[in-house]
Amino acid sequence: MAAPCLEDPSLERHFKGHRDAVTCVDFSLNTKQLASGSMDSCLMIWHMKPQSRAYRFAGHKDAVTSVNFSPSGHLLASGSRDKTVRIWIPNVKGESTVFRAHTATVRSVHFCSDGQSFVTASDDKTVKVWSTHRQKFLFSLSQHINWVRCARFSPDGRLIVSASDDKTVKLWDKTTRECVHSYCEHGGFVTYVDFHPSGTCIAAAGMDNTVKVWDVRTHRLLQHYQLHSAAVNALSFHPSGNYLLTASSDSTLKILDLMEGRLLYTLHGHQGPATAVAFSRTGEYFASGGSDEQVMVWKSNFDVADYGEVIKVHRPPATLATSSGNLPEVDYPVPAGRGRSQESVQSQPQEPISMPQTLTSTLEHIVGQLDVLTQGP
């Protein structure tokens, strides 16, 4: 079988409706809906089918900072500067339940993979865990000494990772509620953090223009990228675990090949800071939001069909068949003479792209990894 052909990502759709900077984006499970939040205090739900009317949800009294669909797609959580979290039913009625969550801005909200709980992060320096259906506060994690910008559950729900303006990323054990490790390598505020789909690594974005990837088992810094010329505001892993998408105040999105440890694409679309990014659950699309009030949907085009099929056919529950549990170690500085053109929607890749393996061996490798990934400890 020949190696799959990689095509450039393409801009598919613009969604216009927000009246201020877009702060966050997230796709529903079936990719039929895309949610976005904005400084305009509203939540929008866009329908991926052309010509479908968007839903505008008003309820928050101040900027919406975070949106996240529940794993089933039946609920949508939002966090706000009004110190509350709302859980919405994402239909035409747009009913919501309010959680008086924190004593300061809620920066982040994220559902656990079983949908039973969600985690919030706030400027009150705490991370809090809540029961979704009992609508009940469960516990606080409070070792950060400055605003907490982001908190996420691991894919198996056993760990929580948080990023803070105290320049640390903290890893927590959900059961014991202990801080397992603090990662202190960032030179500035840490804006965003998330788990690799395998659950073995985390990636964090910083105001120091860097992206760092750590192994959560050994706590080693595996990869370090300094590719943006301004703060990195958000990131998202491709479901295969092989790619990482970043959004920066330098107005660009970048796609990194984690297996090769290099930059694949620089995408220009937003006028002004790019503030939010998210891959769809299959990786076929990704969305971006910016301070230009726009939400953009891009088609990935790179080897998605192949991974999509493998994931669908071979993936056991809550485990992703990925070979990327062990990423190569990389330290990637700023490339010399990098061009930045505002006009182009996307620039050419930095260098010729070749797939690291043929499709056949990739598939064999992924399926081979299943045995390792599905065995219990």
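Heads up, residue numbers simply count up from 1 along the chain you see.
Glycine residues also receive a Cβ, built from the backbone N, Cα and C atoms like all the rest.
Predicted automatically and left uncurated, TrEMBL annotations should be read as such.
Look at TrEMBL and you will find 15-56 (among others) tagged as repeat 'WD'. Cβ atoms under 8 Å from those of the repeat 'WD' (15-56) belong to residues 62-69, 71-73, 76, 78, 80, 82, 88, 90-92, 94, 234, 273, 275-282, 284-285, 287-297 of the same chain, restricted to positions at least 6 beyond its ends.
Residues or ranges marked as repeat 'WD' by TrEMBL: 57-88 (among others). Beyond the repeat 'WD' (57-88), the same-chain residues lying 6 or more positions past its ends with a Cβ under 8 Å from any Cβ of the stretch are 20, 23-30, 33, 35-45, 94-111, 113-115, 118, 120, 122, 130, 132, 135.
TrEMBL lists 99-140 (among others) with the feature repeat 'WD'. DSSP labels the residues of the repeat 'WD' (99-140) in these numbers: 0 helix, 24 strand, 18 coil.
Counting residue by residue with DSSP, the repeat 'WD' (141-182) contains 0 helix, 22 strand, 20 coil. What TrEMBL records for 141-182 (among others) is repeat 'WD'.
Long-range contacts of the repeat 'WD' (183-224) within the same chain, counting only residues at least 6 positions beyond its ends with a Cβ under 8 Å from a Cβ of the stretch, are 146, 149-156, 159, 161-165, 167-171, 230-237, 239-241, 244, 246, 248, 256, 258, 261, 320, 322, 324-332, 373. Per TrEMBL, the feature repeat 'WD' maps to 183-224 (among others).
TrEMBL lists 225-266 (among others) with the feature repeat 'WD'.
Taken from TrEMBL, the feature repeat 'WD' covers 267-299 (among others). The predicted model assigns the repeat 'WD' (267-299) a mean pLDDT of 97.
Per TrEMBL, region 'Disordered' is recorded for 319-354.
The compositional bias 'Low complexity' annotation in TrEMBL covers 342-354.
Taking DSSP states H, G and I as helix and E and B as strand, the repeat 'WD' (15-56) has 0 helix, 22 strand, 20 coil.
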